[in-house]
Amino acid sequence: MINILLVFFNEVIEEFFNVTWRSRHNQSIPDHSLTFLWSLSVSIKDFGALLGSLGVKGLADTFGRRNAILIVNALSVVGASLMFMSKVTASFEVLIVGRLIFGLFCGLVMSLNPLYIQGVSPTNLRGAFATLNQVSFASGILLGMVVGLETVLGTEKYWSLMLSLSLIPATLQYMSLPFCPESPRYLFINRGKEKEAEAALRRLRGNPEMVTKEMEEMREEAAHSETGVTVREFLRKRRYRQPIILVLIINLGSQLSGFNAIINYSTKMFAQSNFDEAKYLTLGVGAVNVAFTIVAFFLVERAGRRKLLLAGFLSLALCNLLMTITYSIMAIVPDIRNMQVLVIFFLISAYEVGPGPISWFIAAELFDQSARPIAMAFTSMLNWGGKFLLALLFPPLLVCASLVFST
């Protein structure tokens, strides 16, 4: 959500950079410095998330899935507080550090959440419940777009308050998660606490037959699971080779789908004629994003992961082809812009029905309990690494594309 906020009301943040620079140097900020600070502010969160991914295994295995989420929530609180204080202290350095710390939180929690959800969900509904993680992510994107409007909080007066909104979900989690059970799979397979795992299952299921069935399933998994899988063993063991390739292909495909570029830069892409109209079209993108993530929640168990991935990636390929064609002839046929908007909406829906949610939780299903945290960290690194590269490379690529298609 925080990246969407920055992109959605970039003029306000750029003015903050300019005012701060002028107060220090008695002159307006040079264009190259403004571009650098803006790019750094946008990309530093994704870089922090990439670094945060490295700590997933250590936190998940040492403190447990639930407690690890509670611990990393402190990073959200600190990051949001620093972003809020950046205006009071008139320091863009504080804003950038706050985004870095918040990025560390994102890199950790986007892996820890699926791990915990996978551990507490019923076997036949794990995919659907894991999709809820993407539902909350998509809802955060839409919320960021809404509060970024000038009629809400996207103003010079309230932008720092807007960047501290992540304190609300962090507070709610601190109030609710301590009353939730730890993952039974973690308690049983990682810690060997069979009685505690069974008690947690009884709280979660309430059905003795389901508890007995899942306990037997965990005993079987524990019998075939190794303890203490290292990163080196994870990369070298033959049994993990095919799942690693699958996770790599799915996540690279997800990052190269064009979804992140549209979400982060849709306002600029739409702003061919009217910037206010572009903002409301971007809100439409956010609404479609949420709607089709909810559709995925109902489809993922019925249609299956493979069918949704194949249909999603084929649709994304077609959408990107149409996007390239419409963008290349827009100068000749201006009315083709309306078709481009429809293609963007269809691309978002194709992404969220399949590759979007599935890419985040598929690793939790392909690997056994001992390798699962490393697999989720690997997934997080692929996703956040792709977002970081996009934040660095997309603006100059967009300029190059404009030059190519305008000649």
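A Cβ is built for glycine as well, from the same backbone N, Cα and C atoms used for every other residue.
Residues or ranges marked as domain 'Major facilitator superfamily (MFS) profile' in TrEMBL: 1-407. What TrEMBL lists as transmembrane segment is 36-56, 68-88, 94-116, 128-146, 158-177, 244-263, 283-301, 308-333, 339-363, 384-405.
Contacts between the transmembrane segment (36-56) and the transmembrane segment (339-363): absent, as fewer than 3 C-beta pairs lie under 8 angstroms at sequence separation of six or more. Simply put, out of 68-88, 244-263, 283-301, 339-363, 68-88 has the most Cβ pairs sitting under 8 Å from the transmembrane segment (158-177). Ranked by Cβ pairs under 8 Å to the transmembrane segment (283-301), the stretches 68-88, 94-116, 244-263, 308-333, 339-363 are led by 339-363. Per-residue pLDDT, averaged along the domain 'Major facilitator superfamily (MFS) profile' (1-407), amounts to 84 for this model.
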